[in-house]
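Participant: Relevant sequence annotations retrieved from TrEMBL are reproduced here:
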- 33-179: domain 'Alcohol dehydrogenase iron-type/glycerol dehydrogenase GldA' (DOMAIN)
Amino acid sequence: GGNSISENVGPKHLINKKTVAKRAENMLWHKLPKSIYFRRGSLPIALDEVITDGHKRALIVTDRFLFNNGYADQITSVLKAAGVETEVFFEVEADPTLSVVRKGAELANSFKPDVIIALGGGSPMDAAKIMWVMYEHPETHFEELALRFMDIRKRIYKFPKMGVKAKMIAVTTTSGTGS
């Protein structure tokens, strides 16, 4: 009762709580890593954190161009000097295929890293993230992870807990999709 009005709607009608709908908003979130370093020359600081956190085995995932031009060496030389064993997977190509990612995951399973460092643009970042999932949870079916959904709260696949076997670090080299 009392919600119908037969005159022009004015401010007095907006005060009537019966005619004003309650705005319902869904809870949103944004997860961030423990540390984010962003400026030219911050790589040594990030690598120092890898060393001080006590990591002993690092898998670097990158592409052939960055490997051939010595960018991976900038990481491996610092880590090796600190006593961290390193392995480099540099077979990532643009838009990496699932077979390349599986090959990298096999290397991770045999090397047993406690930290995975992705170096490059979007392709090495994407490949390293899926390699990390396959290393941490080999029982995971990649096809199930790729299911589409409109609302993250309506996800039909429960994503496994990450970071048990290895920590993931992203060293982006571009301002494009990789960062």
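Cβ atoms here come from the backbone N, Cα and C positions, even for glycine.
Heads up, TrEMBL stuff is auto-annotated, nobody curated it.
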Participant: Just give the helix, strand and coil counts over the domain 'Alcohol dehydrogenase iron-type/glycerol dehydrogenase GldA' (33-179), going by DSSP.
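Facilitator: Going by DSSP assignments, the domain 'Alcohol dehydrogenase iron-type/glycerol dehydrogenase GldA' (33-179) contains 62 helix, 27 strand, 58 coil.
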Participant: Mean pLDDT across the domain 'Alcohol dehydrogenase iron-type/glycerol dehydrogenase GldA' (33-179), rounded to an integer, is what?
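Facilitator: So the average pLDDT across the domain 'Alcohol dehydrogenase iron-type/glycerol dehydrogenase GldA' (33-179) works out to 88.
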